[in-house]
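Quick look at what TrEMBL lists:
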BINDING   24, 25, 26, 27, 28, 29, 30, 31  ATP binding site
BINDING   205, 208  [4Fe-4S] cluster binding site
Ligand SMILES: Nc1ncnc2c1ncn2[C@@H]1O[C@H](COP(=O)(O)OP(=O)(O)OP(=O)(O)O)[C@@H](O)[C@H]1O
Ligand code: SF4
């Protein structure tokens, strides 16, 4: 089946893989996992180019997690320029971000929109952001399955053949029940699932390294086995991660200002360097290896569905 030509397809034809991160329930760490996936994919190869699109329109948290709070979107003649998070002077920028958070007048403002307006915003994000060549576009979504998810599927599924999802859950029964609803949604819209990530799976004591299972354990593995989806890995509760992502300091705009021209919005970035030193980064690099190894499944699924 020929892929339709639309403004979204024209813009995203230089993006190899689009990975939608979703969760059935709020607060399970979906945005933290999205930010960490982007950081770890960026670190997975010296040339990997990664974008993060935050479509959690009513609660955008990716700019804060990447230390990009307070930045505004720059409009070039060829569309919106992502805010780049790589260190200045470190070669070509390879980690770009776009979020409704960059469009809000001030920190803490909220977006109260109905479905059609959200749909229009998402279409504009997909068709107007000048990502350029990307290996991975990680899309952070709101919890549950809402207007934002339907809009993404509506605009992306007909035009992008390497579109997939990752489901984030915590080990508690109630979160797993909601993760099941999320999985049913992906099946209903024929969205291939790369796998399940269990977050907040045990607590590693910073003093002795002992792991305590604060919640029940093994629910994610069991659900993945039962439902026939890959289990990508478990992320323990990491106090270092909370400090890093919740308190990621906005980078100094004045320091970066002299370094960008009209078409390049590159910012100095300490989060990437600090993240690499955390124990979460080491654990997540194994999760990312598993994720990369499941990407061929998406190509297989798209080939069989278009056959
Ligand atoms: N593995 C972890 N260890 C410690 N804290 C974590 C971990 N994962 C997430 N958190 C913390 O839990 C809180 C909620 O995380 P996050 O905002 O990523 O959740 P979410 O599922 O995206 O929430 P929302 O419902 O707002 O979309 C944040 O303070 C985050 O720093
Ligand atoms: S796990 Fe061990 S070191 Fe950590 S708080 Fe408990 S007793 Fe103390």
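Cβ coordinates are placed from backbone N, Cα and C, and glycine is handled just like the others.
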Alpha-carbon distance [residue 205 ([4Fe-4S] cluster binding site); residue 24 (ATP binding site)] in Å: 28
Residue 27 (ATP binding site), number of other Cβ atoms within 10 Å: 11
In sequence order, those binding-site residues of 28, 205, 208 whose CB lies under 6 Å from ligand 2: 205, 208
Cβ neighbours within the same chain of residue 25 (ATP binding site) - under 8 Å, at least six residues apart: 143, 144, 169, 170, 174, 175, 178, 179
Other same-chain residues whose Cβ falls within 8 Å of the Cβ centroid of 24, 25, 26, 27, 28, 29, 30, 31, the recorded ATP site, in sequence order: 23, 143, 168, 170, 175, 199
Cα distance (Å, whole number) from residue 208 ([4Fe-4S] cluster binding site) to residue 30 (ATP binding site): 28
Listed binding-site residues with Cβ under 6 Å from ligand 1, out of 26, 29, 31, 205, 208: 26, 29, 31
Greatest C-beta neighbour count within 10 angstroms, which of the binding-site residues 28, 205, 208: 28
Which listed residue (24, 26, 29) has most other Cβ within 10 Å, given these are binding-site residues: 24
Cβ neighbours within the same chain of residue 31 (ATP binding site) - under 8 Å, at least six residues apart: 54, 56, 61, 62, 65, 140
Euclidean distance between Cα atoms of residue 205 ([4Fe-4S] cluster binding site) and residue 29 (ATP binding site), Å: 19
Integer Å distance between the CA atoms belonging to residue 205 ([4Fe-4S] cluster binding site) and residue 28 (ATP binding site): 20
Residue 30 (ATP binding site), number of other Cβ atoms within 10 Å: 26
